[in-house]
């Protein structure tokens, strides 16, 4: 039981996460349609969204890779099944 508790405390990805990654997704108020990624703190994943081009916040990344590196650090990258791998 103690082992499981320690495992979950260490495995919590929000521990030490970049504060920008905890900001909410903001689509922006302009009408452009830029595909972007943000860190979803509920699902604990980088997810795709459509950015309007202005407004927004720092939780807005041009690629899945950029989001993952910024929010998880230089760990192994796991690409979602529905996204192509980015170079």
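Every residue, even glycine, has its Cβ placed from backbone N, Cα and C.
Look at Swiss-Prot and you will find 1-16 tagged as signal peptide. Annotated domain 'BPTI/Kunitz inhibitor' per Swiss-Prot: 21-71, in sequence order, evidence recorded as sequence analysis. Positions annotated as disulfide bond by Swiss-Prot, on the basis of sequence analysis: 21-71, 30-54, 46-67.
Projection of Swiss-Prot feature records onto the structure.
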residue: 21; record: disulfide bond; DSSP class: helix
residue: 30; record: disulfide bond; DSSP class: coil
residue: 46; record: disulfide bond; DSSP class: strand
residue: 54; record: disulfide bond; DSSP class: coil
residue: 67; record: disulfide bond; DSSP class: helix
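Of all the Cβ atoms in the protein chains shown, 13 others lie within 10 Å of the Cβ of residue 30 (disulfide bond). Cα of residue 54 (disulfide bond) to Cα of residue 46 (disulfide bond): a span of 20 Å. A separation of roughly 8 Å, to the nearest angstrom, links the Cα atoms of residue 46 (disulfide bond) and residue 71 (disulfide bond).
Taking the disulfide-bonded residues 21, 46, 54, 71 in turn and counting surrounding C-beta atoms within 10 angstroms, the largest count is reached at 46.
Residue 71 (disulfide bond) sits 26 Å from residue 30 (disulfide bond), counting Cα to Cα.
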